[in-house]
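One structure is given here, and the rest of the page talks about it.
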Amino acid sequence: MSPYAMSMLMSSLAMGTIITLSSSHWFLAWMGLEINTLAIIPLMTKMHHPRATESATKYFLTQATASALLLFSAAMNAWMTGEWTIVNMNSYIPTTILTIALAIKLGIAPFHPWLPDVLQGLDMMTCLILSTWQKLAPMALLILTSHQLNTSLLTLMALASAIIGGWGALNQTQMRKIMAYSSIAHLGWMTLVISFAPGLALLNLTIYLMMTSSMFVMLMALNATNMNKLSISWLKTPTLAASMMTGLLSLGGLPPLSGFLPKWLILQEMTKHHLGALSAVMALSALLSLFFYLRLSYMISMTSPPNISNANLAWRKKNNLSLINPILIVLSTMLMPITPMLLM
């Protein structure tokens, strides 16, 4: 792709998200989401492969459906209340339709099936954008309207996302599908707490973005798209393989890594609201996710692939990592010491 076209598309992506984040009017927020969707479609199809075209088509259809539902809920709310402002969503039917529209946008269960299939057909850089940047605008709208949405519906979707996100990745071997199910599970935790403490949902989103970004950057550096390629990564770059193992355990929420911090605070918030049974089910669903992260960590660090050559070590290529990767690795694994500051 031409650098000029790429710069224009990336600028459009940034502009669409910024328009949605800074808007107080539903029509402006909808317009930002549409710019966002239309800007990423060419990035998806730049590989000129049938799988990429299929992914772009699926993504376009699901996002168009979600946008139509969002505009319909905003128009219905304007008809009932006479206002187009985002913070004024008081009617039951518009808020329910809005919740479903944003759930489709984000890939929250039970509206999740498009996400693993779409990610599987894309290159790693587009997967990174889809898993991180594209979550910002819909999540911002969800946080803005969280006090007016149906808490029971959000809790049910959060529970389904956490269980499906953990269960769905158990039999996967492709890294992009595993990261998609990881995204679904993390979105479940954010959706669960968003009605009770939007600040905690924002903290969870921030840590999720850092962990996912570092994981995709490491996968791109190792050129690992499945578990078999991941198992020989320690022969090429041992330091990066060790960092990836730590990052995977952090994604699973294992203490004392950064991924444990939001889960701990969310479970604490839930028990404060006397939702002990729900907290227990969410904690058990986190064990499902932790299982497949442990399996991946085992593949990276403790398995030796079949080797027919006489050499003990594979050729080690020069690392093309930027400065951003060590920073992301540190942030995604070592944020636990700031917990007392957050609790204060």
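Heads up, the Cβ atoms here are built off N, Cα and C, so glycines get one too.
Automatic, uncurated: that is what TrEMBL annotation is.
These features come from TrEMBL:
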- 12-38: transmembrane segment (TRANSMEM)
- 23-288: domain 'NADH:quinone oxidoreductase/Mrp antiporter transmembrane' (DOMAIN)
- 59-80: transmembrane segment (TRANSMEM)
- 92-115: transmembrane segment (TRANSMEM)
- 153-171: transmembrane segment (TRANSMEM)
- 178-197: transmembrane segment (TRANSMEM)
- 203-222: transmembrane segment (TRANSMEM)
- 234-254: transmembrane segment (TRANSMEM)
- 274-294: transmembrane segment (TRANSMEM)
- 290-343: domain 'NADH dehydrogenase subunit 2 C-terminal' (DOMAIN)
- 323-343: transmembrane segment (TRANSMEM)
* Asked: Per the 3+ Cβ pairs under 8 Å rule, pairs at least 6 apart in sequence, do the transmembrane segment (274-294) and the transmembrane segment (234-254) touch?
  -> yes
* Who are the chain neighbours of the transmembrane segment (323-343) in space, where the CB to CB distance is under 8 Å and they lie at least 6 residues beyond its ends? -> 203, 207, 210-211, 213-215, 217-218, 221, 243, 246-247, 250, 255-261, 264-265
* Asked: Going through 92-115, 153-171, 178-197, 234-254 one by one, which has the most CB pairs that fall under 8 Å from the transmembrane segment (203-222)?
  -> 234-254
* Asked: Mind checking which residues reach the transmembrane segment (59-80)? Cβ under 8 Å, same chain, six or more beyond either end.
  -> 26-27, 30, 33-34, 37, 40-41, 44, 88-91, 93-95, 97-98, 100-102, 104-105, 114, 118, 130
* What same-chain residues lie close to the transmembrane segment (178-197): Cβ under 8 Å, and 6 or more beyond its ends? -> 103, 106-109, 112, 115-116, 118-120, 127, 131, 135, 139, 142-143, 146-147, 149, 151, 154-155, 157-166, 168-169, 172, 204-205, 208, 212, 215-216, 251, 262-263, 266, 269-270, 273, 278, 282, 285-286, 289, 292, 296
* **the transmembrane segment (92-115) versus listed stretches 12-38, 153-171, 234-254: most Cβ pairs under 8 Å** => 153-171
